[in-house]
Amino acid sequence: MHTAIIAGITTFILTIIGIPAFIRFYQKARISGQQMHEDVKQHQAKAGTPTMGGTVFLLASIVASFVIALFSGNLSSNVTTILFILFLYGLVGFLDDFLKVFRRINEGLNPKQKLFLQLVGGVVFYLFFERHGGGDMLNVFGFPLELGFLYIFFVLFWLVGFSNAVNLTDGIDGLASISVVISLGAYAVIALEQKRFDLLIVIFSMIGGLLGFFGFNHKPAKIFMGDVGSLALGGMLAALSIALHQEWTLLLIGIVYVFETASVMLQVTYFKMTGGKRIFRMTPVHHHFELGGFSGRGKAWSEWKVDFLFWGIGLVASLITLAILYL
């Protein structure tokens with residue numbers, strides 16, 4: 001446990017040192033920064049804010065986790081597998097951000113390119129996971145289900161789905177970073193109960209990095225994590241649930257990401273079926289609350305108010321999950 005705490009503190013320090021340096025690099029290089037294409041007026045002031053901050057906490061977490069796990073004798077196949085997915089999905093996000101920021105390609109990677117790279121990363125993760133005894137048993141609400149060769153399709157769906165879900169959640173200052181901290185906190189408890197001290201190192205390391213990043217990402221944000229951060233974090237959560245053989249728990253622990261994704265899917269489907277009508281003022285659904293509270297027609301909510309609502313939902317859902325598992 002103390003090794004995991006050291007990993008968290010190390011990544012926290014590396015992040016709070018690295019982020020200011022990264023911001024200065026942005027400013028000196030006169031990089032355009034984040035572009036805003038949303039219809040939320042209060043977001044227009046954020047145009048030009050440095051992005052790709054996820055690069056800092058991601059690299060800090062990967063390096064700190066690897067080195068500390070290595071020297072503490074905890075560099076297991078589980079650790080390398082999680083670090084592997086962090087790197088692969090972070091790389092996909094980095095390419096997407098790089099095209100947007102440095103090449104001025106507004107779309108970045110197109111959806112097909114991004115999906116292809118995510119699927120490739122998922123296949124590599126599956127092969128690595130299976131090679132090290134991962135198995136093909138799916139935990140469905142506490143009941144084991146043998147999937148056989150179909151397990152790879154579940155893994156791909158889980159990794160791609162949740163990486164994109166966290167990406168959708170990263171739409172207002174601080175929302176994704178603390179939401180993921182809460183989710184990782186729940187998985188830290190599960191890992192501790194399973195005596196998976198190797199995974200605790202990676203979990204605590206990322207928590208430390210995100211807490212350090214939040215100091216610069218809360219409203220008003222000085223930097224955004226970008227796709228490099230959000231895609232990697234979503235992939236990590238999915239990979240953790242698989243490595244801990246508690247896949248179903250991510251539906252509750254990650255309820256915020258599920259809610260955000262479902263809102264987009266419902267909005268698009270309803271819009272097409274009704275010829276232009278909407279369920280929400282704007283999706284992902286955190287923008288609906290920004291524009292007009294619960295009803296979408298009331299007084300606009302501040303980002304802090306939306307943040308605390310969603311963090312609260314995530315925290316309660318995580319506590320319920322842990323209660324189901326251990327009480």
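Any Cβ shown, glycine's included, is placed from N, Cα and C.
Positions annotated as transmembrane segment by Swiss-Prot, on the basis of sequence analysis: 3-23 (among others).
Positions annotated as transmembrane segment by Swiss-Prot, on the basis of sequence analysis: 51-71 (among others). Sequence-distant contacts of the transmembrane segment (51-71), counting only residues of its own chain at least 6 positions beyond either end whose CB sits under 8 Å from a CB of the stretch, comprise 3, 6-7, 10-11, 14-15, 18-19, 22, 33-34, 79, 83, 86-87, 90, 93-94, 97-98, 101, 198, 201-202, 205-206, 208-210, 212-213, 216-217, 223-230, 232-233.
Positions annotated as transmembrane segment by Swiss-Prot: 79-99 (among others).
Annotation source Swiss-Prot lists transmembrane segment at 115-135 (among others), citing sequence analysis.
Here Swiss-Prot flags 140-160 (among others) as transmembrane segment. Tertiary proximity for the transmembrane segment (140-160) is limited to same-chain residues at least six positions away from its ends with a CB under 8 Å from its CB atoms, namely 85, 89, 115, 118-119, 121-123, 125-126, 129, 235, 238-239, 241-242, 247-248, 250.
The annotation transmembrane segment is assigned in Swiss-Prot to 172-192 (among others). Within its own chain, the transmembrane segment (172-192) is flanked in space by residues 1, 4, 166, 199-200, 203-204, 206-207, 210-211, 213-214, 217-221, 225, 229-230, 233, 237, 240-241, 244, 246, 249-250, 253-254, 256-257, 286-287, 290, 303, 306-307, 310-311, 314-315, 318, 321-322, 325, which lie at least six positions past its ends and keep a Cβ under 8 Å from the stretch.
As annotated by Swiss-Prot, transmembrane segment applies to 197-217 (among others).
As annotated by Swiss-Prot, transmembrane segment applies to 223-243 (among others), with the evidence given as sequence analysis. Note on the transmembrane segment (223-243): residues 19, 22-23, 26, 34, 49-55, 57-58, 78, 81-82, 85-90, 92-94, 96-97, 108, 118, 121, 125, 129, 134, 155, 158-159, 161-167, 169-170, 176-177, 180, 183-184, 187, 191, 196, 199, 202-203, 206, 210, 213, 216-217, 249-250, 253-254, 257 of its chain, located 6 or more positions outside it, place their CB under 8 angstroms from a CB of the stretch.
Within its own chain, the transmembrane segment (248-268) has Cβ neighbours under 8 Å at 139-142, 158, 161-162, 164-166, 168-169, 179, 183, 186-187, 190, 234, 237-238, 241, 278-280, 283-286, 288, 310, 313-314, 317-318, 320-321, 325, counting only residues six or more beyond its boundaries. Per Swiss-Prot, the feature transmembrane segment maps to 248-268 (among others); the stated evidence is sequence analysis.
Among the features that Swiss-Prot reports, transmembrane segment is placed at 306-326 (among others).
Counting Cβ pairs closer than 8 Å and at least 6 residues apart in sequence, the transmembrane segment (3-23) and the transmembrane segment (306-326) reach fewer than three and form no contact. In terms of C-beta pairs under 8 Å, the stretch of 79-99, 115-135, 306-326 lying closest in packing to the transmembrane segment (197-217) is 79-99.
Outside the transmembrane segment (306-326), and at least 6 residues removed from its termini, the chain residues within Cβ reach (under 8 Å) are 169, 172-175, 178-179, 182-183, 185-186, 189-190, 193, 219, 246, 249, 252-253, 255-256, 259, 286, 289-290.
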